[in-house]
């Protein structure tokens with residue numbers, strides 16, 4: 001395997017006469033990378049075609065797929081571990097929201113940074129560095145004892161795994177001939193929903209699905225959510241191990257003036273695909289020296305000044321006159337897709353929870369004017385309201401109060417021993433001569449109550465949050481399987497569809513279908529209808545994202561490809577962050593509002609997609 005070097009790739013924006021040129025197509029028209037760049041593009045396509053397609057591309061797709069699965073797992077795991085972390089780290093509603101927000105901010109910042117580094121240091125080297133950061137801090141997050149340290153570790157983990165998308169697609173596309181690259185990128189993208197399925201399965205097998213069990217589990221020194229976080233690192237580690245034996249993108253090596261290493265990569269690909277034949281190209285066929293970029297002199301500036309300069313130069317290139325229109329259009333589409341995808345995910349999650357709560361409370365028992373005397377309650381009391389009742393000389397022992405209300409009740413000489421509560425309140429009650437031993441009942445549970453001569457001993461918890469036992473993790477798992485399962489084969493099929501068709505028509509059709517499907521939001525009546533509509537919209541949106549990813553890869557030259565994709569993903573994640581509070585608010589409105597907003601956004605994106613230039617015949 002060729003040894004990596006740390007050389008930087010300088011920009012190549014214009015031809016020798018200073019005039020920007022369009023991208024090079026297979027028909028020979030165009031060029032965009034200058035005369036030398038055309039020679040490299042043509043040589044790369046010829047060399048990669050002679051290396052053929054087969055086992056080498058499949059192995060690389062598998063390795064990179066683990067990295068892409070890790071990116072999806074980073075977000076998917078939050079919904080599953082949130083109940084456990086809420087209880088153990090004592091997280092209130094406001095700080096729970098920040099757990100998701102900090103992850104999206106990290107993904108946005110990391111996508112931008114690793115995209116630029118991918119063009120500077122190489123796809124493989126940058127990806128290994130990114131995933132190493134992700135693996136280390138994911139493991140650190142699993143053992144963090146406080147909310148602040150856990151948030152910091154999660155942020156750093158998100159920064160690392162954010163490099164997966166902008167690096168893997170360019171890496172794989174540059175290792176495939178033009179005719180088959182969408183086939184393999186479709187296979188690669190199918191690993192993204194597999195990451196959600198992996199996370200959901202691990203969570204389903206390791207995490208308690210009932211709130212009361214979560215309380216018991218969190219008493220353990222090494223509780224289930226810590227194990228779940230550790231197991232969730234496996235795709236990241238698998239990708240890192242695979243990259244140890246992988247070669248750098250040969251197209252990047254050519255661009256970095258490392259032509260001998262590039263030739264060795266072509267020969268290695270050929271051996272993996274056609275072990276019994278001789279590779280046709282030798283060093284004699286390499287392009288002349290005029291085709292390559294000059295190696296830049298090491299900067300004399302300090303690392304911070306150089307880093308800032310690198311970011312500034314990257315933006316200047318992407319927004320140069322030759323790329324400005326394309327960049328603006330693609331960034332707008334990523335903005336809409338990110339907002340819509342996270343919006344529908346947030347809306348469906350909150351809506352399903354609201355539906356479950358409504359069903360749960362519809363089964364609530366109401367007991368009035370009851371008289372309980374000298375009784376022992378030793379089994380869970382759930383979803384009950386006691387009103388105007390008397391509890392005299394009774395014992396509540398070794399039980400859970402789950403959504404229990406005591407209204408205008410009298411307690412005399414009652415004993416509460418080893419009692420745990422969830423959303424339980426005593427309102428306008430009189431409690432006298434009673435004992436509370438090893439309970440989590442505190443002042444916040446007694447509203448306008450008259451407490452007379454009572455004893456409180458050994459409170460179980462100093463955490464002031466009122467943990468809700470109704471966590472609905474089984475429904476979350478079923479929802480994940482419903483959208484992620486069908487998405488895998490559909491992305492595979494889409495890869496073959498894109499081989500035979502232009503990108504813009506496919507994108508327009510997908511977004512129009514998304515707009516039409518979004519009308520179904522207005523007719524949501526139960527869990528099944530919500531899951532069907534959500535799954536359909538998310539599958540269509542991910543297919544649209546797959547298509548627009550190919551547009552980004554084919555729309556920029558090699559030395560800007562990862563940078564451009566990193567900027568687009570950064571916009572995508574920032575839009576996702578903005579969508580969460582808006583769609584959470586829409587859950588409590590009539591269904592017409594989220595339906596109209598989603599329909600309008602998808603239709604507007606479809607209209608914008610008609611302006612995309614088709615570069616499906618472009619050589620990379």
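From the backbone N, Cα and C atoms, a Cβ is placed for every residue, glycine too.
Taken from TrEMBL, the feature region 'Disordered' covers 1-29.
Marked as transmembrane segment by TrEMBL: 58-82 (among others). Among residues of the same chain six or more beyond the transmembrane segment (58-82), those with a C-beta under 8 A of the stretch's C-beta atoms are 96, 99-100, 103-104, 107, 127, 131, 134, 157-158, 161-162, 164-165, 167-168, 171-172, 175, 184, 187-196, 198-200, 203, 207, 225, 228-229, 232-233, 235-236, 238-239, 242-243, 246, 272, 349, 473, 476, 480.
According to TrEMBL, the feature domain 'Major facilitator superfamily (MFS) profile' maps to 60-613. This prediction places the mean pLDDT of the domain 'Major facilitator superfamily (MFS) profile' (60-613) at 89.
Taken from TrEMBL, the feature transmembrane segment applies to 97-117 (among others).
The transmembrane segment annotation in TrEMBL covers 126-145 (among others). Nonlocal intrachain contacts for the transmembrane segment (126-145), taken as residues 6+ away from its ends with a CB within less than 8 angstroms of a stretch CB, comprise 64, 67, 70, 74, 110, 114, 117-118, 120, 152-154, 156-164, 167-168, 171, 226, 229-230, 232-233, 236-237, 239-240, 243-244, 562.
Among the features that TrEMBL reports, transmembrane segment is placed at 151-172 (among others).
Taken from TrEMBL, the feature transmembrane segment covers 184-204 (among others). Through the fold, the transmembrane segment (184-204) approaches residues 57-58, 61, 64-66, 68-73, 76-77, 80-81, 168-169, 172-173, 176, 228, 231-232, 234-235, 473-474, 476-477, 480-481, 483-485, 487-489, 491-496, 498, 542, 546, 549-550, 553 of its own chain, all at least 6 residues removed from its boundaries and within a Cβ separation under 8 Å.
Among the features that TrEMBL reports, transmembrane segment is placed at 224-246 (among others). Within its own chain, the transmembrane segment (224-246) has Cβ neighbours under 8 Å at 1, 59-60, 62-67, 69-70, 73, 77, 80-81, 84-85, 88, 124, 127-128, 131-132, 134-135, 138-139, 141-143, 161, 195, 198-199, 202-203, 206-208, 217, counting only residues six or more beyond its boundaries.
Annotation comment: TrEMBL describes 327-349 (among others) as transmembrane segment. Beyond the transmembrane segment (327-349), the same-chain residues lying 6 or more positions past its ends with a Cβ under 8 Å from any Cβ of the stretch are 79, 104, 318-319, 476, 479, 514, 518, 521, 530-531, 533-534, 537-538, 541-542, 544-545, 548, 551-552, 555, 564, 567-569, 571-580, 582-584, 586-587, 594, 597-598, 601-602, 604-605, 608-609, 611-612.
The transmembrane segment feature in TrEMBL is assigned to 480-498 (among others).
According to TrEMBL, the feature transmembrane segment maps to 505-533 (among others). Same-chain residues lying 6+ beyond the ends of the transmembrane segment (505-533) with a Cβ under 8 Å from its Cβ atoms: 340, 344, 347-348, 351-352, 355-356, 475, 478-479, 482-483, 494, 497-498, 540-541, 543-544, 547-548, 551, 591-592, 594-595, 598-600, 602-603, 605-606, 609-610, 612.
Long-range contacts of the transmembrane segment (539-558) within the same chain, counting only residues at least 6 positions beyond its ends with a Cβ under 8 Å from a Cβ of the stretch, are 12, 23, 32-33, 37, 40, 119, 165, 169-170, 173-174, 181-182, 185-186, 189, 192-193, 251-252, 254-255, 318, 323, 326, 330, 333-334, 337, 340-341, 344, 483, 486-487, 490-491, 494-495, 498, 503, 506-507, 510-511, 513-514, 517, 564-565, 568, 572, 605, 612-613, 615-616, 618, 620. Look at TrEMBL and you will find 539-558 (among others) tagged as transmembrane segment.
Annotated transmembrane segment per TrEMBL: 570-586 (among others), in sequence order.
If you look up TrEMBL, you'll see 592-612 (among others) marked as transmembrane segment.
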